[in-house]
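Single-structure report; data block below.
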Amino acid sequence: MDAFNNTVDTERAALSHQSDNVNLYISSICLAFVVFNIIVLVTKKKLRERSSMFIALCWTNLILLLGVLLEAINRRTMYDSMVQAGVKALVISRKCLSVWTILQVYSNFAMPLIILSMSFERFVAVRFPDIYHTSCNVLSLVTITASMIFPYFIMLIAGSGNNLLTIVCFPKASYGTGFDVFKYAFGVVTIWTALVLNVTTYMTVMSVHRFKGKINKMKCYTAFATGSTLLISIPNLLLIIDTIVKLPPVLTIPSSGLSCVNCALQFFINFHLNKGFRKRCLRILSFGKYPKLKIATVQVIVTRAQQRRHTQCTHF
């Protein structure tokens with residue numbers, strides 16, 4: 001039985017090693033898109049003011065991608081050393097708590113929270129517009145701050161164990177199986193909740209005439225939540241099942257790579273649905289030669305109350 005378990009562990013480690021090679025290239029490519037995403041958003045004042053939630057999401061994407069990239073580099077080196085030595089390297093779980101582990105675990109909580117915050121903000125803006133317009137800036141600041149700080153407290157409470165491990169380190173080794181299940185379940189519940197909020201809000205926007213002008217932003221947010229459901233939430237659900245009934249490694253190991261793809265996918269969604277974002281991208285790529293968008297001038301009578309609302313909620 002021990003010989004069989006050793007064989008299974010070795011085969012799983014070999015498949016994990018192949019996955020690390022793939023993740024190295026995927027995370028590097030996706031990292032380029034996320035960095036460019038951030039550059040586009042923060043270098044244009046109008047975009048920066050209206051995209052605070054999306055910028056926060058991009059930063060959590062960046063943290064996740066750095067974690068996956070560092071993990072792939074670290075584990076490739078560790079696996080190569082193990083193969084050369086011809087024996088399994090025994091590692092204390094506390095020593096598995098490295099920079100890439102912390103980055104990944106942090107982003108595993110922060111990213112779903114930001115996605116939920118984006119969905120909640122749109123829900124309040126559409127369903128309770130009067131409340132939203134009087135507290136939008138505070139709401140945005142509080143939700144973003146809470147989403148970025150809350151994961152720190154979770155990680156501090158979780159701690160790490162001292163179990164003896166074999167072959168390679170991974171996040172579950174540092175925090176334990178129970179924490180891993182909690183982390184995956186948190187991602188599943190949070191992202192699914194965000195998707196439900198987005199779909200509900202989107203249906204309201206489609207049915208109310210005064211919200212028609214905001215349809216593209218709702219499409220963006222709904223697409224973000226849908227992509228995260230397919231590429232993060234469902235793989236997380238499979239990882240939860242894997243802790244109860246062992247699934248084939250081919251179903252569980254690619255989860256990190258899919259998370260990276262989700263980070264890059266958000267750039268293409270925004271490029272397709274956000275006209276201002278797309279124009280800014282093209283101007284940067286063309287070194288300012290892309291023509292500015294021409295907008296017809298229309299005389300509009302704006303009441304003092306409407307002007308005050310617009311000033312307070314520039315990111316609506």
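Just so you know, glycine gets a Cβ as well, placed from its N, Cα and C.
According to TrEMBL, the protein carries these features:
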TRANSMEM  24-42  transmembrane segment
TRANSMEM  54-73  transmembrane segment
TRANSMEM  97-117  transmembrane segment
TRANSMEM  138-161  transmembrane segment
TRANSMEM  181-199  transmembrane segment
TRANSMEM  220-241  transmembrane segment
TRANSMEM  253-273  transmembrane segment
Practice prompt. Give the one range among 24-42, 54-73, 97-117, 181-199, 220-241 whose Cβ atoms make the most pairs under 8 Å with those of the transmembrane segment (253-273).
Written response: 220-241
Discussion item. Short question: most Cβ pairs under 8 Å with the transmembrane segment (54-73), which of 24-42, 97-117, 220-241?
Written reply: 97-117
